[in-house]
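The following features are taken from TrEMBL:
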- 22-63: region 'Disordered' (REGION)
- 46-63: compositional bias 'Low complexity' (COMPBIAS)
- Cys207-Cys211: disulfide bond (DISULFID)
- Cys207, Cys211, His300: Cu cation binding site (BINDING)
Amino acid sequence: MIRMTQGHRCFFRNAGVGARRCANPRRPALPPSARKHISRDSPIRANYGGSPSYASSSSSNANAGATVPASIKYAKTTAGTGDPEGLGGSTAFSTRGPVTWPALGLVAIAAASAVGYYKIERERRLENAMGKIVSSESGWSPNPELLARRKYVKTEWGWFPKEDAFGGAGKPAIGGPWSLVDLDGNLVTDQSFVGKWTLLYFGFARCPDICPSEMVKVGKVMDILKKNHPELHKNIQPIFVSIDPARDSLKALRDYAKDFHPSYVFLTGAPQQVQAMAKKYRVYMSKADETDDGDYLVDHSIVIYFHDETGDIADCFTQSMRPSDVVEKVVERMTFVPKY
């Protein structure tokens with residue numbers, strides 16, 4: 001057997017069997033467009049799977065030094081052109097990427113248009129809002145259902161919202177006119193406390209723990225203020241409003257009042273009156289754990305509402321606040337002096 005090697009292919013010749021060839025899998029097949037430039041007897045054609053030359057080993061060595069024909073030297077292929085078959089037409093390969101300069105230009109134009117529209121729309125809305133502002137002491141609110149009307153004062157720089165402890169956001173739209181009765185059956189309204197700062201709490205006499213805890217906290221606040229700020233203490237009135245008028249009769253409230261600070265004012269009224277007042281203060285209340293004998297608890301908001309001497313909301317104190325925290329806020333609100 002004689003083995004003849006040409007390029008990356010090897011040929012075996014057996015006198016009784018004929019010729020066999022073993023292709024190197026790493027060597028790619030020559031494209032058809034390039035094969036026509038290579039002669040049939042060329043070693044390159046034999047190396048790429050053309051008709052092999054079955055010359056002897058010595059003849060093969062002699063051909064190794066022969067001059068390469070011009071047709072082979074200047075052979076052209078289509079590798080890397082996107083046209084692997086050499087068809088010269090459109091193929092499935094694309095020479096263009098997914099992003100082009102015209103596409104980038106369109107994106108830039110769209111972005112610039114969006115920014116310009118935003119600026120124009122913003123200026124238009126600001127002009128409309130300024131046109132609605134009442135530059136007087138009557139005040140204005142962008143949404144009266146959520147924010148209270150901001151009062152305006154005239155300064156040397158023009159009309160500005162009256163400065164208060166709530167800052168630029170303004171006060172929440174909480175509170176309003178109401179009317180109830182006290183433990184003596186006398187009519188009491190929101191106007192009855194004009195000139196006094198009030199600490200208002202909603203609860204019910206049969207509350208097992210939360211209401212007593214909050215009312216004791218208010219009592220501690222009053223004692224601390226009396227000791228450290230007596231001038232402020234005398235202008236503050238704690239108020240308790242029952243949200244369970246069906247069971248909290250005047251007699252029940254009188255007995256309930258004995259366990260708490262003597263400065264408290266206890267109020268109740270008809271269910272419609274209580275519900276109307278609770279709605280104005282956005283108090284949540286609902287029956288819970290009702291038993292077969294008609295007993296129940298009342299789930300409700302746990303907030304202490306602090307009002308100024310005009311009846312406007314000044315602050316709100318939550319259950320998580322300690323008596324010292326409430327005292328600090330009360331003193332801050334009552335001694336606040338606006339700059340204009």
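Quick reminder: no glycine exception, Cβ is built from N, Cα and C everywhere.
Feature annotations (TrEMBL) mapped to structure.
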residue : record                 : Cβ neighbours (10 Å)
Cys207  : disulfide bond         : 18
Cys211  : disulfide bond         : 23
His300  : Cu cation binding site : 20
C-alpha spacing of His300 (Cu cation binding site) relative to Cys211 (disulfide bond), in angstrom: 10
Between His300 (Cu cation binding site) and Cys207 (disulfide bond), the C-alpha gap once rounded to whole angstrom: 10
Sorted by sequence, non-Cys207, Cys211, His300 residues with Cβ within 8 Å of centre, Cu cation: Phe202, Gly203, Phe204, Ile210, Glu214, Ile243, Val298, Ile302
